[in-house]
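S.K.: Handing you this structure, nothing more for now.
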């Protein structure tokens, strides 16, 4: 008996409403204390006025501070912030803040906050309105006579159409195409009499191979950037923006490791890189092959070079092989030797383009 | 004699006074300390011969270092073949002075990084340890103060040195140690430590010896005069005022970003919550007739 009852809810699901449910409408509006109590209203009014007043005071203080404090020479006042900086920033900031806070307070306490429901209307205009609009447009076209005067119409179309051309022509300024510039660096500008010396970055001194000890890392640049005459290079070629361009391709890191640790790889032409090093000294491009950040975070113990931008890691004992990260290609290695004075020099240019990939990188002969 | 007796009597009257115990204690401590200073063997005695220093260092080494570095500093390999403690035969006394003098050694536990911590050994013990390890083989010696100190140089010379040091620092050090020497992250849980406020001698030794994973900057790599320039630059950085307030650790966009996102956006979110919050409501009805 009871089982049969339990299968149906005691209330039953069968009560069917007899008509549509009445719209309950919005609940009664609840008034704020400031709406019903004149004393509170007065108080809120005063509060808003005080906030605006504080803003005015801050603005005046800003003007006073501007003329009182010297800019720059009292940086150590007020906890190292500088009296001028601190006062100007704080007063102007407070002046704006108090206006904002005052307006919000005003809106929350005093402005009407009755909920209003607005019914939606169809977006389409009435047929009458549409007809009037179309009529106005047609009248305008007729009056301008653009249909009757093809000379004007066509010359206007031509003039406007031609305006598109400058936008296209100016794309030319994105060029000229780099040509073979990306394939070569200034390391290749050494001559037989003066092979390109490797010098310390920043202080521009050449490096004696015998001076370096195992574990040393040197950040290097080509000597030509500091000493172009020696290589018969026009000095203007290594000044200003040209200097930056050369550095961005030629920056080098030099490492001396235990010669037994080095696994010589293959050069681009298939020959061995065995004679690219000098007594365990190896040289690699400093420009990451991923997006071109300069890298010199080296771990002496593992010979791993880490790029700080995206954590690409290269094994400098193993032809710059990528051991981790997004870089797609090994770091280019520079073949080095010593000149007759014992200074480290480049044998020739890198045998592949340095830095990140570009479209035509692998499609053209160098 | 009478005078003595009288003063002894006066003293005796105060022997149970409230400060008598304290006074006796202080006198006793002073006496013990003085006696110790007078009679204890002076360890930093300049007369102590190099041999004695090495001998003392060896004893300290056997107790504190040999477990990882081997009884003769030959290094210890794990069963897997990796290094437990590296060989110290050719690290030189400078490496010991740096590692022990900055508290990195002895390590609290094996790991990716030997962090700087409280120094365990005294100055004399560090000197003995350095002498012993230095005697094991080759390696850089502890630098003389004149190699890194700018004392006695004219301001103009120091300024030139600082400027040159800045160039060298930016080319060689910033990659790992950050543009202001605040340090940075390295692979596999390691980090390049902050090098601000570090003793000049220890910076010099670090360049010479390449502690842990750091590359070395031997005298053939960065000549001594240039090392001094780097140190002068770092000291100048230490003294440089921090314009416009907080440096936020001088870590660049990371700490600045955290402040901007968490602090700046937090304030804006707070305002948004305040603007949209319900205001207090009253249970009273507004008297429409009166309005």
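The backbone N, Cα and C atoms fix where each Cβ goes, and this holds for glycine too.
Per TrEMBL, heme c 1 binding site is recorded for B:65, B:68, B:69. For B:173, B:176, B:177, the entry in TrEMBL reads heme c 2 binding site. Here TrEMBL flags B:258-277 as transmembrane segment.
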S.K.: Checking interface proximity: list the binding-site residues among B:65, B:68, B:173, B:176, B:177 whose CB sits under 8 Å from a chain A CB, in sequence order.
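M.R.: Cβ contacts with chain A under 8 Å: B:176.
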S.K.: Secondary structure at residue B:176 (heme c 2 binding site) (DSSP, helix/strand/coil)?
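M.R.: Assignment for residue B:176 (heme c 2 binding site) reads helix.
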S.K.: Note the Cβ centroid of B:65, B:68, B:69, the recorded heme c 1 site, then list each other residue of that chain whose Cβ lies within 8 Å of it, in sequence.
M.R.: B:61, B:64, B:66, B:67, B:70, B:73, B:76, B:85, B:88, B:105, B:106
S.K.: List, in sequence order, the same-chain residues at least six positions removed whose CB sits under 8 Å from that of residue B:68 (heme c 1 binding site)?
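M.R.: Residues satisfying the criterion: B:76, B:84, B:85, B:107.
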S.K.: Near residue B:69 (heme c 1 binding site), which residues of its chain come within a Cβ-Cβ distance under 8 Å, counting only those 6 or more away in sequence?
M.R.: B:61, B:75, B:76, B:85, B:86, B:87, B:88
S.K.: Express the distance between the Cα positions of residue B:177 (heme c 2 binding site) and residue B:65 (heme c 1 binding site) as a whole number of Å.
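M.R.: So the alpha carbons of residue B:177 (heme c 2 binding site) and residue B:65 (heme c 1 binding site) sit roughly 29 Å from each other.
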S.K.: Distance between residue B:176 (heme c 2 binding site) and residue B:65 (heme c 1 binding site) at the Cα atoms, whole Å?
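M.R.: Between the alpha carbons of residue B:176 (heme c 2 binding site) and residue B:65 (heme c 1 binding site) there are 29 Å.
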S.K.: For a quick check of packing: other C-beta atoms within 10 Å of the C-beta of residue B:177 (heme c 2 binding site), how many?
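M.R.: Result for residue B:177 (heme c 2 binding site): 22 neighbouring Cβ atoms inside 10 Å.
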S.K.: Under 8 Å Cβ to Cβ from residue B:65 (heme c 1 binding site), same chain, six or more residues apart: give me those in sequence order, or none if nothing qualifies.
M.R.: B:73, B:85, B:88, B:105, B:106, B:129
